[in-house]
């Protein structure tokens, strides 16, 4: 614990030493705040209305924070965000970006405020008269400039998160400080392009479909979150702040209600106003915001490229636009006497009713943005998904509606006036709508008692909640069904090169296959958590590899899956590197070239001893297949496997590690070690390696031995397999790769970027970080599964080593892919297995 704390402090000190300008600026901000706290008050802040004459206040704006708490937050932001930017830009560029971004952003905000007053005098006046004072605009300008040389995928990821956030803050809060920060971030893009020419114009890795999905989903979600936050902030003045009145539970003041009820001709409006004013409880509030929660769920569907999310967003935003238009009509018709007077037309405005029109425009603009990008949302759910969705929603809605009607009749006296069957049937539709619909629709009976309120205010929440849950479940990754094993096997036999030593693993159960448009290439993969995790290299001719990788990646993008090429050889890794992908070594394959294998010399003493010992003990090697083996031999293999599994802290792993089920294949050879009494001492299974339609090698899969059998049986079986395959004329023997047993990064090797010319090493740092994690995980799991000792065991056969890689387009998806790899190897890990693993690791740690 103390060591970790010391390492943490060392990292902080290194960060601060690399950012002297940020440290000095933070000290000045805090120093000025502390000094003024004990004197007459803070430094006079900048007011944009005073420009262009107030140049001194413009220059002191970074340190004129209004109070000590905000000064502390600003200083922390300078140290963290500004410090990171300075370490990437250097002190001189950082200082220039900070000062230039701060000054220019404030001047642009002043110019914008002058223009806004012509359209929206209320907001424009606020922009001009509200105080501005903090270093945030300069910090954001420098931070965005520093993000330009990042790996392009990381840069787009950062911008897709930052700019919608800043835009929502400016559009809802509407403070001049928020507008200045947004403009400063935009200036940061220009500064970064100036500092690092050519960085922003890099080609995309796979295509723009995924980016469009993420940006569209983020924008839709940001607006929904902005409205949610604005519901609890009545003082927001931004142009989009008016949208909160679509969801506000109570939009009347007592004075408005009195004015309505004084007019006998407006009795219905009076009843509605009394109800809306009175019903401000938790249930009403929840019902009013549920459409926003539903939109957040739909935004996740948009991120996954789902067609249903596209349709759902268009329908929901269309309904909200209709509701807002009705609200607008009522507000105009009654000249502000109904809700909408808070959106009253400002005198002298060039755009009458600007604030009243905003709630109509925002849903329409969101719907338009989604519709414009409709080609990016084509992923369909599995057949029957939405049939089950609609059945579930309609059943719950019908049950709730029936309960409201029947329950309302049972407690009719708790309504004003007393509820009737006709009235309840009419009102149930109103009750199921968000509570803000009451500004447009008038119920015939109003709940007054406790049970009546439960029926009308709380039960309608259930259909909305069920819709959100079922919709979220429908957006789970699409499973494409069973693989076409015959087509995949045929492709492997016909076009797989000798380097595809793991291609036969793709024939195993649980894998799906993708086939290229010309039917000359195939990829076996598994889907887990939105990741398409391949099983080895793409099966294709070497000259087609790059085109196949591109086509498979596009296939994944069209289905909102992350393509992750797992356990691929250097040839595939080189292709993905040219495409700008990130790669990390995940295993080390042991290869034995055949032709001159004789196991002679001191280095092979253990191997020769095993061969000689087997001869003395009467143990022979017998080739067979599962289909050709007698039932007695099969039962012995099952017995050996059960005993082997009983000794493990984890259940049998899968994915690239076979078992008895994978032996049951006519193309898979079994090599048994059998004594004179027919007792099987051990077994190895061997997968075919093809080249040009011929079997030219074998890949080791299963290795299992009887606990009380011939001790060196594995050395004997592998040596015998090599000699027999060589005699048969085969070219190589792959002893496969041990997962998580790799050489790591050589000492002193510098991290390199995945993109040429990025200059920041971000891709290399991603690789280095995951490599370190895999190294640690391999050491931790060694007592439970022995990956590293297995890797060392294979070295005694004089093998050459070839790295196996994990390659993926976006390094930001590494955690997602890591979970997919863990799930692929251990899909059936139970709680009890986790406990057993923990005990094993604890014993090993001692």
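Placed from the backbone N, Cα and C atoms, the Cβ positions cover glycine too.
Curation does not apply to TrEMBL; its annotations are automatic.
These figures come from a predicted structure and were not determined experimentally.
Sequence annotations record features per position, and here TrEMBL assigns domain 'Phosphatidylglycerol lysyltransferase C-terminal' to 499-807.
According to TrEMBL, the region 'Disordered' annotation covers 743-765.
Sequence-distant contacts of the transmembrane segment (21-41), counting only residues of its own chain at least 6 positions beyond either end whose CB sits under 8 Å from a CB of the stretch, comprise 62-65, 67-68, 71-72, 74-76, 78-79, 82-83, 85-86, 91, 94-95, 98, 135. The transmembrane segment feature in TrEMBL is assigned to 21-41 (among others).
Under the heading transmembrane segment, TrEMBL lists 68-85 (among others).
Among the features that TrEMBL reports, transmembrane segment is placed at 92-113 (among others). The list of residues near the transmembrane segment (92-113) in space but at least 6 beyond its ends in sequence, with Cβ under 8 angstroms from a Cβ of it, reads 19, 21-22, 25, 46, 48, 51-52, 58-59, 61-62, 82, 85-86, 124, 127-128, 132, 135, 137-142, 145-146, 176, 179-181, 183-184, 187-188, 191, 195.
If you look up TrEMBL, you'll see 125-146 (among others) marked as transmembrane segment. Beyond the ends of the transmembrane segment (125-146), by six or more residues, the same chain brings 25, 29, 42-43, 45-49, 61-66, 70, 74, 77-78, 81-82, 84-86, 88-89, 93-94, 97-102, 105-106, 109-110, 112-114, 116-117, 159, 162, 166, 174-177, 179-181, 183-189, 191-192, 195, 237 to within a C-beta distance below 8 angstroms of the stretch.
Panel annotation: around the transmembrane segment (158-174), residues 123, 126-127, 140, 144, 147, 150, 181-182, 185, 211, 214-215, 218-219, 222-223, 225-227, 229-230, 233, 236-241 of the same chain, lying at least six beyond its termini, place a Cβ under 8 Å from a Cβ of the stretch. Taken from TrEMBL, the feature transmembrane segment applies to 158-174 (among others).
Among the features that TrEMBL reports, transmembrane segment is placed at 180-200 (among others). Among residues of the same chain six or more beyond the transmembrane segment (180-200), those with a C-beta under 8 A of the stretch's C-beta atoms are 89, 93, 97, 100-102, 104-106, 108-109, 112, 132, 136-138, 140-149, 152, 155, 162-163, 166-167, 169-170, 757-759.
What TrEMBL records for 212-231 (among others) is transmembrane segment.
Marked as transmembrane segment by TrEMBL: 281-298 (among others).
The feature transmembrane segment is assigned by TrEMBL to 310-330 (among others).
The transmembrane segment annotation in TrEMBL covers 350-371 (among others).
The annotation transmembrane segment is assigned in TrEMBL to 391-411 (among others). Below 8 angstroms of C-beta separation, residues 419, 421, 424-425, 428, 431-432, 445, 449, 451-452, 455-456, 459-460, 462-463, 466-467, 470 of the same chain, each at least six residues beyond the ends of the transmembrane segment (391-411), sit close to that stretch.
Confidence over the domain 'Phosphatidylglycerol lysyltransferase C-terminal' (499-807), given as mean pLDDT on the 0 to 100 scale, stands at 83.
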